[in-house]
Amino acid sequence: MFRRPVVQVLRQFVRHESEVASSLVLERSLNRVQLLGRVGQDPVMRQVEGKNPDTIFSLATNEMWRSGENETYQMGDVSQKTTWHRISVFRPGLRDVAYQYVKKGSRIYVEGKVDYGEYTDKNNVRRQATTIIADNIIFLSDQIKEKP
C-alpha cells in the first residue's frame, strides 16, 4: 500500500537510482551560514577559464566580550576578536548587484553555505581555502558614518 509512494519519494531525493533503493535511509543535512558584518574591501569580479564568473569580497565579523573578576562582568575590560570571511557570489543577478553596490565599510547581512576547496598557488603549493557561497545579501547601511 505505501511501497509505491515511498519509492516515488526516494526517487525524488536520490539522484542515482539503484536496486537497493528500498534500503536507503533518507536523512536531511544542512549547510547554512548567516553573517552580519562590515565589508573589508571592494568586490572583485573574477573569471576563471571554463567557469562562470564570480564576485569576491571579504567580510569582517566581530565577537566582543567583557572579562573581569566580578560575577556580573559589568566592570571588566572589553575584548574583541575579528574574524575575516571570504564571500563568493556566483548567482548571476546577485553577483552583478554585489559587484556594483557592495563597498568597503558597508554593513551587510549574508546568507549562504560553507565551501571548502583546494587550489594551487603561483609557487605550485597546494592550499586549502574556506569560502562562503552567498545565496542572499541584504544591505543594512552605507559605509561607516563619520563622527563629528
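Glycine is treated like the rest: Cβ placed from N, Cα and C.
Residues annotated as domain 'SSB' in Swiss-Prot: 30-141. The feature phosphoserine is assigned by Swiss-Prot to Ser67, Ser79, with similarity to another entry given as support. Annotation source Swiss-Prot lists N6-acetyllysine at Lys113. The annotation N6-succinyllysine is assigned in Swiss-Prot to Lys122 on the grounds of similarity to another entry. Residues or ranges marked as transit peptide by Swiss-Prot on the basis of similarity to another entry: 1-16.
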Euclidean distance between Cα atoms of Ser67 (phosphoserine) and Lys122 (N6-succinyllysine), Å: 43
Other CB atoms within 10 A, centred on Lys113 (N6-acetyllysine): 13
Other CB atoms within 10 A, centred on Ser67 (phosphoserine): 9
Between Ser67 (phosphoserine) and Ser79 (phosphoserine), the C-alpha gap once rounded to whole angstrom: 7
Distance from Lys113 (N6-acetyllysine) back to Ser79 (phosphoserine), taken between C-alpha atoms, in Å: 28
Winner by Cβ contact number (other Cβ atoms within 10 Å) across the modified residues Ser79, Lys122: Ser79
Stretch-averaged pLDDT - the domain 'SSB' (30-141): 91
